[in-house]
Amino acid sequence: MKNLYTQLEQDNVPKTLTLLLQSIVGACTEIATRINHGALSDVLGSLPDHNVQGEVQKKLDVIANNILIESLKKNKQVRAVASEEVEDIILCNSFGKYLICFDPLDGSSNTDVNGSLGTIFSITSASAAQTEVSEEDFFSTGRSIIAAGYVLYGPSLMLALSTGSGTHIYTLDPSNNNFMLTHPNLNIPEDTNEFSFNLSNQFKWPENVQKYIVDLQLGTDGIRKKNFNMRWLGAMVGDMHRILCKGGIFGYPEEKNFKYGKLRLLYEANPIAFLVEQANGLASNGTTSILDTVPSSIHQRIPVFIGSKNEVLLIEKYALGK
C-alpha cells in the first residue's frame, strides 16, 4: 500500500507543492489531536465572539484556524492565505508560490456532540511577479485550483485529495503517522438514490428546488419511479465523504434570507467541487458549474448542488423549470 508522498511523486507533483501539502496535513493531524482531547482539555463549547460570517465561534474554530495559519506562515512556499474565520487575507512570505483558502473546521456546530468535523482547503498559484498580494489575487475561478482536499475527523482520520490526476482518499496509520492510500481513483456513480439536504429549511427554498425535493420523496409511485434515502450530518465534509465513496447529491440552495446561499465559494464550494469533478461527479450552483464562478469577494457565498452527475443535471433542469 502506497503512502501519500509516494503517490504524489508518482503523480509528478512538484516538490514545492508536496512540501506545502505536508504542512497542511501536519496541521490537520495536530487539529485532530486537539479534537480528540475534547472536554478533557476544555476545548469544547462556544466563545462570546462571532466570526466575520456573523456566526458564533466555537473554541475549536479558533484553535484549528490558529494551528493552520501558524503552520502555513512557516512554509516559505506560501504567499498568502484566506480563512473563513478571518475578515482579510493574511500575508505570509513575499516570495511564496502559492495561495491557500481554507475552512479550518467545517461542521463546528457538531463539536459539542462528538459529530462529524472536517478541514477543507484549496491551493492556487500566486502571480509570478513579486508584488504585494491583495484580495483580488484570490478572485480566480475554481478551474485555476492546482490541489484541493479535506481532512475528515471521524472514526479514522482520512484525507481526500486531488492534484488534478483524480481524487484519492488516504487513511492515517496511527502506528507510523503516515497517510496510506486506501481509496484510489474515486469514481462517483452517475445515478443515485441518496440525497443530503436539510429539509427543515425546505420552505425557504425556491419553488423549483422544493418541487425537486417533493418529487424524489414520492417513491416508486412518483415521477422518479424509485425510493430515495436522506442523509444529513450537519457537516459538508461528512456528507460529501459519503457521496465521494457511494454516490448521492448534496444540496444547500439559496434561501429567502440568503439570496446567494450560505456556503462560501472559496472555502467550501470550490475545493469540494474540484474533488468531485475529479471523481466523475458534477458541481453546480443550480444553473452553471461552480468551478466557472468568478469570485468578487473572498467571503462570497453560493448555492451548492454537488454529487452524482445525472442527479446534478436533473436539478439544473428543475431550476430552468423543465
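Cβ coordinates are placed from backbone N, Cα and C, and glycine is handled just like the others.
Taken from Swiss-Prot, the feature Mg(2+) 1 binding site covers Glu84, Asp103, Leu105. For Glu84 (Mg(2+) 1 binding site), other Cβ atoms within 10 Å of its Cβ number 23.
Note: Asp103 (Mg(2+) 1 binding site) has non-local neighbours Ser83, Glu84, Thr119, Ile120, Phe121, Arg264, Tyr267, Glu268, i.e. same-chain residues 6+ apart with C-beta under 8 A of its own C-beta. Per Swiss-Prot, Mg(2+) 2 binding site is recorded for Asp103, Asp106, Glu268, and the stated evidence type is sequence analysis.
According to Swiss-Prot, the substrate binding site annotation covers Asp106, Gly107, Ser108, Ser109, Asn198, Lys262. Sequence-distant contacts of Asp106 (Mg(2+) 2 binding site), defined by Cβ-Cβ distance under 8 angstroms and a gap of at least six in the same chain, are Leu117, Gly118, Thr119, Ile120, Tyr150, Ala235, Met236, Val237, Glu268.
Around the Cβ of Leu105 (Mg(2+) 1 binding site), a 10 Å sphere holds 29 further Cβ atoms from the protein chains shown. For the recorded Mg(2+) 1 site, residues Glu84, Asp103, Leu105 set the reference point as the centre of their Cβ atoms, and the other residues of that chain within 8 Å of it by Cβ are Asp61, Ala64, Asn65, Ser83, Glu85, Phe102, Pro104, Asp106, Ser108, Thr119, Ile120, Tyr267, Glu268. DSSP assigns Ser109 (substrate binding site) to a helix. Taking a C-beta cut-off of under 8 Å and a sequence gap of six or more, Lys262 (substrate binding site) has these contacts in its own chain: Tyr252, Glu255, Arg301. For the recorded Mg(2+) 2 site, residues Asp103, Asp106, Glu268 set the reference point as the centre of their Cβ atoms, and the other residues of that chain within 8 Å of it by Cβ are Glu84, Phe102, Leu105, Gly107, Gly118, Thr119, Ile120, Tyr150, Met236, Val237, Leu263, Arg264, Tyr267, Pro271.
Secondary structure at Glu268 (Mg(2+) 2 binding site), as computed by DSSP, is helix. For Glu268 (Mg(2+) 2 binding site), the count of additional Cβ atoms within 10 Å of its Cβ stands at 27 [all protein chains shown].
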